[in-house]
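Q: Look at TrEMBL and you will find Gly166, Val167, Ser168, Ile232 tagged as NADP(+) binding site. Per TrEMBL, the feature domain 'Tetrahydrofolate dehydrogenase/cyclohydrolase catalytic' maps to 6-121. According to TrEMBL, the feature domain 'Tetrahydrofolate dehydrogenase/cyclohydrolase NAD(P)-binding' maps to 140-279.
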Amino acid sequence: MSAHIIDGKQIANQLLDEIRINIEQRLTTGKRAPRLAVILVGDDPASAIYVRNKQIACEKVGIVSEAYKLPSSLTQNELLDLIRKLNQDPATDGILVQSPLPHHIDESAILALIDPNKDVDGFHPYNIGRLAVRQPLLRSCTPYGVIKMLQASGINLKGLDAVVVGVSNHVGRPMGLELLLAGCTVTSCHRHTKSLAEHVQRADLVVAAAGRAGLVKGEWIKPGAIVVDIGINRLPDGKLAGDVEFEVAKQRAAYITPVPGGVGPMTVATLMENTLKALALREPA
């Protein structure tokens, strides 16, 4: 048995096309395009690539993006002042702060200051809370992108035993909430989990989001399971790898996402969807 490889790039492109058409229709009725402010602090090469990918997606769908490329010497108060300015700017619909931030800046304080209705990353405690009480508004891009990708693949999530490996605030925790909302029975695994292998072996759906290459062994995957690999790890030879042993896992799973080309494109596409939604939230009824 060999798994169906889920093409996240193809599904993401379909979503981007829908967003582009929606924005084009807005323009024909005299409405404006969404505007996204992207903040990059420092000169981390990976962050610069992520920001550029988001800008390319904005150009593709017709979202106006404005990049704020700031030095790593920027103080926390200076960044907070910029957030306040963007919160009050009626022309700015979405605010994205690219992580990681320099160590001297408290990321949680920055994210908490963003207007929840402009929080297109879906990281604000208010938006996480809305997801927890089954009233989602702007949803964390990667977890929501995973849900949209699985639904587009024709997978019925209701009743599945799902295991999420990793409990980060931005991915693992909201991923668990998204799966609960979709009707799964969810187990979250972390560094204190006694037997990761046992949990993975019984899972109908495995979502790996720990940031450790090869953490989830391919032999653990239950035959016929669905495997979503969110991890992106740079190997010594420069290649990218996920958290799951892909070559072995794909011989056991029914569906599996590759790294790269799986979840990553969906994260960007969902960000575009959130930016369009953020504009709609602020428009008069």
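Heads up, the Cβ atoms here are built off N, Cα and C, so glycines get one too.
Automated prediction, rather than curation, is the source of TrEMBL annotations.
Model, not experiment: these values are computed from the prediction.
Are these features on the surface or tucked inside, and what are their neighbours?
A: Of all Cβ atoms in the protein chains displayed, 17 besides its own lie within 10 Å of the Cβ of Ile232 (NADP(+) binding site).
Across the domain 'Tetrahydrofolate dehydrogenase/cyclohydrolase catalytic' (6-121), the model assigns an average pLDDT of 97.
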Q: In DSSP terms, helix, strand or coil for Gly166 (NADP(+) binding site)?
A: coil
Q: Restricting to the same chain and to sequence separations of six or more, state which residues have a Cβ under 8 Å from that of Ser168 (NADP(+) binding site).
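A: Listed in sequence order, they are Ala209, Gly211.
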Q: Among all protein chains shown, how many Cβ atoms are found within 10 Å of the Cβ of Val167 (NADP(+) binding site), not counting that one?
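A: Taking all protein chains shown, Val167 (NADP(+) binding site) has 18 Cβ neighbours within 10 Å.
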